[in-house]
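Working notes for the structure below.
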Amino acid sequence: MASEDQSAARSTGKVNWFNASKGYGFITPDDGSVELFVHQSSIVSEGYRSLTVGDAVEFAITQGSDGKTKAVNVTAPGGGSLKKENNSRGNGARRGGGGSGCYNCGELGHISKDCGIGGGGGGGERRSRGGEGCYNCGDTGHFARDCTSAGNGDQRGATKGGNDGCYTCGDVGHVARDCTQKSVGNGDQRGAVKGGNDGCYTCGDVGHFARDCTQKVAAGNVRSGGGGSGTCYSCGGVGHIARDCATKRQPSRGCYQCGGSGHLARDCDQRGSGGGGNDNACYKCGKEGHFARECSSVA
């Protein structure tokens with residue numbers, strides 16, 4: 001306190017807010033001047049140094065090195081020591097005992113999530129958390145997951161642009177995985193207005209995938225909006241892929257030696273007759289009819 005200019009005059013006021021766990025609070029002077037910061041170390045108390053919202057106190061005003069005024073030498077009216085047995089008892093029951101009460105209303109006996117007062121609260125309502133009501137109906141006392149009201153026009157859940165409704169049917173109160181209308185494709189349902197991207201690629205209906213489709217029909221009666229991406233590469237049909245195709249096309253790649261099919265160039269008995277010249281000769285001995293790895297010549 002040596003660096004602070006302390007006034008000899010003392011003032012009176014009431015505690016506006018105090019948090020024992022943080023060790024500071026605010027006092028509102030009786031003369032109507034600006035509220036003053038008070039630190040726990042400035043409290044003169046018999047026992048626990050704490051203040052209770054609504055406590056009448058007497059104090060001196062100082063100006064610290066930071067240029068801000070604050071209350072020091074805080075006592076009971078008349079200059080006596082404050083009597084605080086512990087941090088959860090006191091004269092008032094609003095922010096009882098400096099921070100142990102409800103952060104919403106300041107009362108003891110419950111915490112803010114169980115508070116029945118939405119956004120109200122004792123002398124420190126500017127610090128109250130408020131706005132913690134149900135996101136579905138806007139009421140306090142419960143969360144959206146426990147809300148029994150769903151879908152009314154005046155409810156908060158109905159003002160979110162419909163983002164909380166079921167993605168299949170568009171109704172609220174359930175999610176798509178619990179929807180019983182998975183196979184209905186009416187125009188007023190959300191699942192049917194997605195540009196058809198969620199339907200079966202074989203028949204175009206919604207509610208199942210192409211692999212589960214029972215309408216394995218020929219081309220022309222099926223959806224082909226994918227530019228042929230759903231057709232079989234083997235036979236050109238739709239409804240299956242090449243590995244499941246029952247029609248196996250002859251391989252287009254034949255023998256590189258003679259141009260025939262049914263064998264590879266290394267097994268071709270017409271080596272040398274394909275116009276390859278010396279390209280088909282052994283690199284070791286220069287003779288045709290075999291490769292270097294099969295050559296028996298040691299020269």
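In case you wondered, yes, glycine gets a Cβ from its N, Cα and C as well.
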Completion exercise
In Swiss-Prot, of the candidate ranges 78-95, 132-149, the one given as zinc finger runs 132-149
Fill in the blank from the handout: What DSSP reports for the domain 'CSD' (12-76) is 3 helix, 37 strand, 25 coil
